[in-house]
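What follows is a short report on a single structure.
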Amino acid sequence: MQLLKYELLKIFQQKSLYVIFLFLLVFATLIADFPNVDLLKKDVYHRWEGPLTTEKVQQAEKNYQVLSKGFNLENTAFTLTDLSKLGMYEEIAVLHSTESANEKQISNIKNEHHYNSELQINMLQKVDHLNYVYNYRGPQQMIDFISFLSFLITGVMLLIGLSSIFSREYSSGVDHYILSTKKGRKALVWAKLGAALLYTLSVVSTLELYNFFITIIRIGNEGWKAPIQILFDYHRSPYAFNLLEYHLIQIGLHLLAAFGFALLILLISSVNKHALMSFFISAGIFAFPYIREFTQVQWLKTLLSFSFPYVMKVKPLFVDFQTVNVYDYPVLLPIMAGIIMLISSVIFILMIFKVMEHKQVTT
Amino acid sequence: MNLILDKISKCFGDKIVLDDISLELTPGVYGILGANGSGKTTLMRILATVMNPSSGHISFNGQDINDMEHRYRELIGYLPQQVGLYKSFTAEKFLSYIAYLKGLTKAETQDKVTEVLDLVGLSEQRKEKVGKYSGGMKRRIGIAQALLNDPKLLIVDEPTAGLDPKERIRLRNLLSRISSHRIVLLSTHIVSDIEYIAKEVLILKEGQLIQKDTPQRLLNEIEGKVWTVQVSEGEILELQSKYKVVNIALVREKYELRILSDTRPHIHAISEVPHLEDLYLYHFDEGASQDAAVKV
Ligand SMILES: Nc1ncnc2c1ncn2[C@@H]1O[C@H](COP(=O)(O)OP(=O)(O)OP(=O)(O)O)[C@@H](O)[C@H]1O
Ligand SMILES: [Mg+2]
């Protein structure tokens, strides 16, 4: 317990952490600050919110025609209000079309006979029909923030907070004492693991709190009950979650991947005398899977979605129906990712203990 | 209580740094003497379990220390040659941290930290950051941490380096006092550190243990081989070329040379009582004459 306290102290007394975290949050606030279209949208949404009736669909279509015709004739620019109205009408049209799209997809798959077709049909049948108009902009902002920035901020904070966790001992020469003491090779490792995980937890939860408050202030907090398919990026998703459920799962997976990455940083730190070296190696491992953005090779893409940054983004795991074939048994991507994160975490922990059990001083 | 080293060797690549060292240690102070690079630090690191020997075994009271693991580590106190510290910690905080690493409880830690700070004379600076300490004070913190767990085996690597004379004497007395029921292993270049307190002196040369005996018996070996003679400046060079001159001092306008020689080096030479320093220089002769000349 005392050792854990000291390890936490050693992490949290690094002043640069706070400066960089603050800087990243300010940066995030600035680049995620789209203009007040959303405030206008709120009114528009309130006008249309509720069950999607045939009248609503027809009315929206009519309004759309009128508004866009006006544009063509007079050649004037749209006002922001007009823009958000147009967006609303389009959204209603899309909502209206999804039900038939979903059914079409299901009947298509019924003709296929892949090892995972049955699972896909079952899942798609459970997806809620989009027959309700929601104002989902708040939840959307929070969900997007995770895949857009959170993963990066968490990654950077873990790198700078944890890279030195073992390296510091080697470079300061305190390792001589540590390695010759009763608790220096096991209990201390537990303390360091505990401190690193608590640090990770505090980074992720601070970020989530920030995300929550900044969203509430800017956009509001309604619409959590909407199905995730309402978000454009997720319209093909086979997962029957509402936004709240999905966001919780998202946070969970994000945290799990962050834990895994924290443990990897610890492992690299445990074999490196220089904190900077640990930092760059870990940063390289974090950044490398980004090549996924540039590859078209499907298996590589799938493989890379199990890497730390992509599991921390969460989104790539949920937008499509994708499974991994384990002896003809279809395992969904998010589940596979969770398993991989858990297994690699355990492996990292075992390796750290092995390293520290046999550690010798060099200088 | 005994610690037995059985054929301990250590190589770094092709380089043999410790060569087949076997010895037995029982309570008392052991002084390790040896030139730079002779393997003192390596030997102490192996005993402190921060480095593994390439071959050989060490047993404590008949048990292999590898099997004892933390039960052995519980018994040792170790001062490395380079004292590592966290600069931003106060002395008190740093020592508490090491105390917890050594498995002391919170209550024990408070008492023990106060006690060891007192032993090394740093009670008044206990709230100061160790980053601001002087070199000697840092070393004293290093000594203090080694004592936190009442070690049965105290391994101190050049503990007196950088200490002022008062602190050296204080440390010497401390080690001597506590050594009645502990094994104290001390390396040094300052022979007077161990001259009067060492139960035995170990002399390491190029990784080999060439001597291990009580100071008295080691000195007997060079009894009658230490001479002093007063000469004029012109005679110095001639004597230096023929004999091992270990010291040159200016005494009443003449030069007094201290010489190691089996036979009387000069008709006016007087036989002297040998000191450990003579013994040391006797074994590590290379360059000794030049060193002595520099001391003028
Ligand atoms: N990690 C290492 N890798 C390679 N060689 C090493 C290593 N550590 C020590 N040596 C070599 O081993 C030899 C013995 O070193 P050691 O530090 O044990 O000597 P020492 O007697 O303590 O010297 P000093 O009086 O300078 O402290 C030296 O030649 C040194 O270069
Ligand atoms: Mg040394």
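The backbone N, Cα and C atoms fix where each Cβ goes, glycine too.
Annotated features, as they stand in TrEMBL:
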- A:16-34: transmembrane segment (TRANSMEM)
- A:145-166: transmembrane segment (TRANSMEM)
- A:187-207: transmembrane segment (TRANSMEM)
- A:248-268: transmembrane segment (TRANSMEM)
- A:275-291: transmembrane segment (TRANSMEM)
- A:331-353: transmembrane segment (TRANSMEM)
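Using a Cβ-Cβ cut-off under 8 Å and counting only residues 6 or more beyond its ends in the same chain, the transmembrane segment (A:187-207) has close neighbours at 3-4, 6-8, 10-12, 21, 150, 153-154, 157-158, 161-162, 165-166, 178, 251, 254-255, 258-259, 262-263, 265-266, 349, 352-353, 356. Proximity of the transmembrane segment (A:145-166) to the transmembrane segment (A:275-291) is established through 3 or more Cβ-Cβ distances under 8 Å for residue pairs spaced 6 or more apart. When Cβ-Cβ distances below 8 Å are used as the criterion, the transmembrane segment (A:248-268) is approached by residues 143, 146, 150-151, 154-155, 158-159, 162-163, 165-166, 192-193, 196-197, 199-201, 203-204, 208, 241, 278, 281-282, 285-286, 308, 311-315, 317, 334, 337-338, 341-342, 344-345, 348-349, 351-352, 355 of the same chain, each at least six residues removed from its ends.
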